[in-house]
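Asker: When I checked TrEMBL for this same protein, it listed these features:
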type: TRANSMEM; residues: C:38-55; note: transmembrane segment
type: TRANSMEM; residues: C:93-113; note: transmembrane segment
type: TRANSMEM; residues: C:125-143; note: transmembrane segment
type: TRANSMEM; residues: C:164-183; note: transmembrane segment
type: TRANSMEM; residues: C:189-207; note: transmembrane segment
type: TRANSMEM; residues: C:219-237; note: transmembrane segment
type: TRANSMEM; residues: C:243-259; note: transmembrane segment
Amino acid sequence: MSNREENALWSIFGYLLSGLIFWGGIGWALDRWLGTGFFLLGGLLVGMAGAIYLVWLRFGRD
Amino acid sequence: MTGTLNLVGYGLSAIGPAIATGMIFAAYISGVARQPEARSVLQPIAFLGFALAEALALFGLVLAFVL
Amino acid sequence: MRSLVRFSAEGEGFVPPSSNDFNLPPIFGDNAYTTKPILLVGLSVILISVFFLLSSRKAAIVPSKFQFAGESVYAFVRNDLARDVIGHEFMRFVPYLFTLFTFILTNNIFGIVPFLQFPAMSHVSFPYVLAIFTFVIFHYVGIRKQGIGKYVKEIMFMPGVPKAAYVLLTPIEIVTFFLTRPLTLSLRLFANMFAGHLLLLVFILGGDHLLKGVIGLKLISPFAFAFGIGLTFFEFMVQCLQAYIFTLLTALYIAGALADEH
């Protein structure tokens, strides 16, 4: 595997983790604050979508 | 012995993405080995597939700690 | 150490190894600076320095075996890691990458050297410090190369995206660069060393415990020991691989900070 590919794989992992942590964290905090239960799931989904979008922008298009 | 069942559940849920990642890269490697010039076409597809499978694994990881 | 104490008490059940096995008491008296990991890190520094000083002191055109060993490690880091990844400016970073690689490798391998048998990197603070070094270096290099404004702008804003998407994407980029990268870098090394040491403890202590049991259990214990020995070789592979990956990712991050566009 070339270094570009190794770099891409670790970057993808980092992006997905960051997206989930950041937006999921916001959802979790909103849930704690408002006493609801759906912001966490929404936040995680938003973070996942954002991270996959970012991966597509960075590695998916030519 | 004490522990949380969440981690057992996460372990089970990680099997799927693990197999998926293996299959994606197996297909990618054999595709590039058969036709090296197809690499630039296959690479984004393989990475996106990897990202989608990996996202589910990380989703499970986060939920195992949060719930 | 603990296993001797544990098995001298007859009739006590098997205590599975846990994270308590990593909190070793100070070796000399009550001084908290003489725990086993700290002494091992000191020993590794001495060993590395002596080895490379000796192997490079009488450098000859026809190298001795000793010189050849030292030079091949150096050549591996310089050519395969630094030059291939970073590109034409690689020579500035070879000292750091080389130190990083040999330091992590030696400390990891201490995990399977008889009588030492403890990887210092299984204490999370050591990988944290190494990751902080890497973190500071690659951001410093990027800021020096491109100027602070351009560097931050490049991290935060992907080109070719509708304006509204920045609300979604910019936080992810910032978290990736400033939190996830150093965190995953250190936790990957830590988790591999921790889990590997725990795995060896399970098999060796378990085999030891089986040997104390009834005759049927005694017959099983050689298999546990054989597995422990096999896993030791597996651990050796993992330890080399983790040292390589840590150095490779450091080089990749530096290369990313140096590049004009990602």
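Every residue, even glycine, has its Cβ placed from backbone N, Cα and C.
Small disclaimer: the values here were computed from a predicted structure and weren't measured.
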Asker: Which sequence positions outside the transmembrane segment (C:219-237), separated from its termini by at least 6 residues, show Cβ-Cβ distances below 8 Å to it?
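Answerer: Answer is 109, 111-112, 196, 199-200, 203-204, 206-208, 210-211, 213.
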Asker: Given the transmembrane segment (C:189-207), which of the listed stretches C:38-55, C:93-113, C:125-143, C:164-183, C:243-259 has the most Cβ pairs that are under 8 Å apart from it?
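Answerer: Per the Cβ under 8 Å count, C:93-113.
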Asker: Any residues 6+ beyond the ends of the transmembrane segment (C:93-113) with a Cβ under 8 Å from its own?
Answerer: 40-41, 43-45, 47-48, 52, 73-74, 77-78, 81-82, 86, 119-122, 126, 130, 133-134, 137, 189, 193, 196-197, 200, 232, 235-236, 239-240, 242-244, 246-247, 250-251, 254
Asker: Taking residues 6+ outside the transmembrane segment (C:38-55), which of them lie with a CB under 8 Å of any CB in it?
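Answerer: Same-chain contacts beyond the flanks: 27, 66-67, 69-71, 74, 102-103, 106-107, 110, 116, 118, 120, 126.
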